[in-house]
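Features reported for this protein in Swiss-Prot:
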- LYS166: active site, proton acceptor (ACT_SITE)
- HIS285: active site, proton acceptor (ACT_SITE)
- ASN114, THR164, LYS168, ARG286, HIS318, SER370: substrate binding site (BINDING)
- LYS192, ASP194, GLU195: Mg(2+) binding site (BINDING)
- LYS5: N6,N6,N6-trimethyllysine (MOD_RES)
- LYS192: N6-carboxylysine (MOD_RES)
- LYS325: site 'Transition state stabilizer' (SITE)
Amino acid sequence: FVGFKAGVKDYKLTYYTPDYETKDTDILAAFRVTPQPGVPPEEAGAAVAAESSTGTWTTVWTDGLTSLDRYKGRCYGIEPVAGEENQFIAYVAYPLDLFEEGSVTNMFTSIVGNVFGFKALRALRLEDLRIPPAYSKTFQGPPHGIQVERDKLNKYGRPLLGCTIKPKLGLSAKNYGRAVYECLRGGLDFTKDDENVNSQPFMRWRDRFLFCAEAIYKSQAETGEIKGHYLNATAGTCEEMIKRAVFARELGVPIVMHDYLTGGFTANTSLAHYCRDNGLLLHIHRAMHAVIDRQKNHGMHFRVLAKALRMSGGDHIHAGTVVGKLEGEREITLGFVDLLRDDFIEKDRSRGIYFTQDWVSMPGVLPVASGGIHVWHMPALTEIFGDDSVLQFGGGTLGHPWGNAPGAVANRVALEACVQARNEGRDLAREGNEIIREAAKWSPELAAACEVWKEIKFEFEAMDTL
């Protein structure tokens, strides 16, 4: 007699516990499960809980050396998805001790690791995570957060304006710096390295950093406003990434940038710590997110990637536009925008928020709206995102018929007009076009922009619906 019963047994006997009362310290997950035909939902949900925590495909002798009751993940609820015949939401609770403190990497390796290749499931999607304060408190979080950023930049009561420098690849460092200068002097707060711009043969990073710093200081002197350019520190190794951040700090610029998904959470968290220690703001780009979050039935919803970024650390993150050329349905986008900015977010299924999330005192992240937006979108963007956001117009600045600086002027005038109209109590949703038209009478730059983009729309159904 060996002391345990060998063999394969149903996961649901151990891992499906509908009576379980979740603890305040548990990490809770909501999975959208599509079982293979013939697999009951309880078994599928239990399999997810097992394979993402303590379980394996057969009972093992070493199970007797630990306490499964203390360490196992539990599927504590299953509900069918309305309008889908073979999809279920499985709720799984994970004991806190399964995770290394302060490591988004470890959290994801467990929760969205091997289980996503599991044969008994046709597809699996992580819709939301509840991060308990007991776990979130082990993370530094954003280097500075919204309030500190406003204080550093001395900009209040309005969204911030940015612009990605295009053409994204092929400019020399000197011409790139020139484009940055024109945008900043025209009235933008920030310009941005495209996420593809790292250090390529046509423009090495050190040269770009130098010419961009020159553009920042020249435009600051001219306008009397604090300016920034997101210098992309993303690199092939962590050491090289930190070296770039160090050079940015030596130049005295206010902000650097990182591609957090392609760069990886470990690198991102290291950079976020460096940024707080050295007074740099950190702008986060989400290149690769659509690989993970675009399919409705498999992968991870962006709200999970957004929560993970707030823990790993970043002061800005791209979050869709609701109105431009990229994905995003309004209520769902606003749901994760609140998860990024607010301290306490109530469960609200209509906005895709499966759990109440309490961030306690972790700083917030500014959502960045970027992609296919222009002056006519300004009232809608001001209305949807409010003051705590960064609105980024790449083509919408550089595509201006008179050049970058007038393009920047047009955007700044449009923004100031919208903010003023809102503060006067006007309804931006209804009177938006009128507000822009009025402002254009006083600004030839804005009038020219209004002329160019009057008809542009990207009309497709959003895929990210509930």
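Cβ from N, Cα, C; glycine included.
Each residue contributes its Cα atom, and for LYS5 (N6,N6,N6-trimethyllysine) and ASN114 (substrate binding site) those atoms are 25 Å apart.
Same-chain neighbours of the Mg(2+) site beyond LYS192, ASP194, GLU195, judged by a C-beta within 8 angstroms of the site's C-beta center, are, in sequence order, THR164, ILE165, LYS168, ASP193, ASN196, VAL197, TYR230, ASN232, MET257, HIS285. Among the recorded positions THR164, LYS166, LYS168, HIS285, ARG286, HIS318, the ones whose Cα is located within 10 Å of the Cα of ASP194 (Mg(2+) binding site) are THR164, LYS166, LYS168, HIS285. Residue pair HIS318 (substrate binding site) / LYS166 (active site, proton acceptor) shows a Cα separation of 17 Å. Secondary structure at ASN114 (substrate binding site), as computed by DSSP, is helix.
Using ARG286 (substrate binding site) as the reference Cα, a 10 A cut-off selects GLU195 from the recorded positions LYS166, LYS192, GLU195. Taking each of the binding-site residues LYS168, LYS192 in turn and counting other Cβ atoms within 10 Å of its Cβ gives the largest count for LYS192. If you check the recorded positions LYS192, GLU195, HIS285 against THR164 (substrate binding site), the ones with a Cα inside 10 Å of its Cα are LYS192, GLU195. Around THR164 (substrate binding site), a 10 Å sphere centred on its CB holds 24 further CB atoms from the protein chains shown. Long-range Cβ neighbours of LYS166 (active site, proton acceptor) (same chain, at least 6 residues apart, Cβ-Cβ under 8 Å): ASP194, GLY394, GLY395, LEU398. Per Cα geometry, GLU195 is the residue among the binding-site residues ASN114, LYS168, GLU195, SER370 nearest to HIS285 (active site, proton acceptor). Recorded residues GLU195 (Mg(2+) binding site) and SER370 (substrate binding site) have their alpha carbons 12 Å apart, per Cα-Cα distance. For the binding-site residues listed here (ASN114, SER370), the lowest count of other CB atoms within 10 A around the CB belongs to ASN114. Around GLU195 (Mg(2+) binding site), a 10 Å sphere centred on its CB holds 20 further CB atoms from the protein chains shown.
Cα of SER370 (substrate binding site) to Cα of LYS192 (Mg(2+) binding site): a distance of 11 Å.
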